[in-house]
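This report concerns only the one structure given below.
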Amino acid sequence: MERPSLRALLLGAAGLLLLLLPLSSSSSSDTCGPCEPASCPPLPPLGCLLGETRDACGCCPMCARGEGEPCGGGGAGRGYCAPGMECVKSRKRRKGKAGAAAGGPGVSGVCVCKSRYPVCGSDGTTYPSGCQLRAASQRAESRGEKAITQVSKGTCEQGPSIVTPPKDIWNVTGAQVYLSCEVIGIPTPVLIWNKVKRGHYGVQRTELLPGDRDNLAIQTRGGPEKHEVTGWVLVSPLSKEDAGEYECHASNSQGQASASAKITVVDALHEIPVKKGEGAEL
């Protein structure tokens, strides 16, 4: 019996392929069927906040999904992400059974912003991502307000503000005392301490600390949070000359802020009044 030639085998394989192609294309078209806009589910009365997309068959309009909302999947509930986002399958599903492999029919994920870094909006607000900025802008426009645009990447710059001001202190000569102050701002502020001398007509002058004082030290460190700075004034031993008003002053390119507290020096503990100012310390 003669073996079939290579040419005959190739011709037979090509013929079989031609027979199978119409079957696959007809099954795909049968899934969608003719487009009938009248049978499409209605959109929300106020429209789609993130815009519209089309269903899997390209027929019915549907609302685009936002960040963190489900996407993918199969059937009528299939969702598509808004522009600037991508549908990401969970690791559990990717490691699951073969029938639930990533990209397979029926597999769903969540919409994730492609740009995953903070941005500064024209309203002075820092948004975790460009997608959240666009969503906020669309909400503003739906209320008849001005659109929000991206000013820059990263967090918005802001002037310093006092997180924890220094507190008034009462103590005896020879003691060790300290004042502390915590500030925040973007860029991170520069913190300095001044001793303020006031007269009858307001501030007379300020003395930048530590100056030439042997019993006074200044310490500053970043934190505890990002863009925060904490500073201390340590006085040891305390003398009568150290009494007065001390100012915590913070500044950056966006502005400045300050807060002050007083150190009161007495000769004996019994001289300290029972009721001191709110926030005062020994």
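Each residue's number is its place along the chain shown, starting with 1.
Using N, Cα and C of the backbone, Cβ positions are placed for all residues, glycine too.
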Position flagged as phosphoserine [Swiss-Prot], chosen from S24, S122, S239, S258: S239
Partner cysteine of C111 (disulphide bond, per Swiss-Prot) from C63, C81, C156: C81
Cysteine from C57, C59, C60, C63 that Swiss-Prot links to C32 by a disulfide bond: C57
Which of C32, C59, C71, C181, C248, the listed disulfide-bonded residues, has fewest other Cβ atoms within 10 Å: C32
Protein Cβ atoms within 10 Å of C120 (disulfide bond), excluding its own: 20
Disulfide-bonded residues: C57, C60, C111 - member with fewest neighbouring CB atoms within 10 Å: C57
Cβ neighbour count within 10 Å of C156 (disulfide bond): 18
